[in-house]
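**Student:** The structure's right below; bear with me while I get my questions together.
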Amino acid sequence: MNPVGADAVTGGADGWPDGTFTNPVLAGFHPDPSVCRVGDDYYLACSSFEYFPGVPLFHSRDLVHWAQIGNVLDRPGQLTLPVDMPSSAGVYAPTLRHHDGRFWLIVTNCADGGGTLVCTATDPAGPWSDPVRVPGVDGIDPDLAWDADGTCWCTYAGIAQVRLDPETGRTVGPVRRLWSGAPGAQAPEAPHLYRIGDHWYLLIAEGGTERGHAVSIARATRPDGPYEPGPANPILTHRGTHRPIQNTGHADLVQGPDGSWWLMLLGVRPGGGTPGWHVLGRETFLAPVTWVDGWPVVGDLAPVMPAPPWAAHPVPPPPVRDDFDADRLHPRWVSVRSRPAEVWSLAERPGWLTLRARGASPDAPDVTFVGRRQQHPSCRVRTVVDPGDGHGGLVVRLDERHHYDIEAGGGEVRVVARIGSVRSTLATRPVGAGPVRLGIEVVAPAPGDWHPAKEPDLLRLGVDRPDGTFDVLAELDGRYLSTEVAGGFTGRVVGMYAARGAVAFDWFDYEPR
Ligand code: 6LW
């Protein structure tokens, strides 16, 4: 199968509304996508940083519609994220590949001396193996590629490369520098190596994961080089443009069901005035690739894209409500650093999620928290919380130092904002004993409603009154829960927490608006 020279991808086919699809294909904090194809099925993994379980794993039949089927690192024995690790440390960019009947995932845990780890699975939904450590790979963004004689090459940020026995984690021979991208560009990283036609192609990101981010390519006739840079690097960047998708980089190549080529990459959608704030983290986008004279050329990347020439395989959207009636949490629910069995239960009060406080607020690195990624610019979140003798509620968090909370306990509901070193209680409302309906509404501004200091969005935190109206206790500027303010590599996560005692939640609604 030598796809070099395949035609441009145009036109629509079955099941695509208006002959288009929408980018991002995986909205919200899903950065550093790595994708592999097995027959008609595609699998995708991304970074997870301080969240447990780590490395969410998705399945698709059409590269556009993805459903989460698990997490690679979902047992404490596979992933230690110590309480003193900083946010945005932890689990960095994975590479997911299928080789010799097994799925292989190589990834870096930047916390706890974990370093480079390899896990394998026969079923990508799990269970995944305990990690094999790779002490000889001392860098982020490891990639795995096998040549025809079965030699495994591990290529990582730098761009460096070493041969590897992935079964044992032992490296073989010296580490060699392969390429450093454009002269003077920062952070050559995110390498992926592919055998395509007569060449080995080395795809990298450079320029840093911020507005200067770019994708470049080089090729060689052997996996270990020497590498010849592409004639038109970078092959993708949105730097210096007004395009709504920015920071484009960290990409992986994949072939569609018709043999055409596609790039899955990260990008962000900044909002508000200048300099622009992105609040949903780095998201996963899909762009078409054609080949010209043996080099990949990336097509237009936009929020609305021409449908690919194969049938759509939509997946049902996740239900608005999780009523906590199942005996396990869906893989989309994440916690901060760890989720030991003693801090949460679906059985203690059947039909409710019970959380038991460790850290005394969302400021604490060991806060007992169960949440999900905010995936839509505008959305509506609701829960019923029974604080009992404790305190707990809803939080939208970027990290420990940047979050907005609405908390019930002690006969009242209060809204607390933490922005850097400033922490303030903004409103309180007396409520009776027993369960309370708490809510958060995130409202992105209407298009055209712009001024230079305009906020990217507004967050309204409040209480549902018995008559069904939403009593807003505080309306807050969303920029303080953005990456440009908080820093780091993640995005917004919204969920439930316990700050004191045992707090129970009857259900949780997340509804795109
Ligand atoms: C990742 C690097 C990057 O390891 O950001 O955007 C780092 N790319 O490749 C953290 O996601």
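Here the Cβ of each residue, glycine as well, is placed from N, Cα and C on the backbone.
Below are the features I grabbed from TrEMBL:
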- Asp32: active site, proton acceptor (ACT_SITE)
- Glu189: active site, proton donor (ACT_SITE)
- 321-511: domain 'Beta-xylosidase C-terminal Concanavalin A-like' (DOMAIN)
**Student:** Counting Cβ atoms within 10 Å across all protein chains shown, which of the active-site residues Asp32, Glu189 comes out on top?
**Tutor:** Asp32
**Student:** Calculate the distance in Å between the alpha carbons (Cα) of the residue listed as 'active site, proton acceptor' and Glu189 (active site, proton donor), and round it to a whole number.
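**Tutor:** About 11 Å separate the Cα atoms of these two residues.
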**Student:** Over the span of the domain 'Beta-xylosidase C-terminal Concanavalin A-like' (321-511), how high is the average pLDDT in this prediction?
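**Tutor:** Here the predicted model's pLDDT, averaged over the domain 'Beta-xylosidase C-terminal Concanavalin A-like' (321-511), is 97.
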**Student:** Give the helix, strand or coil assignment DSSP yields for the residue listed as 'active site, proton donor'.
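**Tutor:** Its secondary structure by DSSP: strand.
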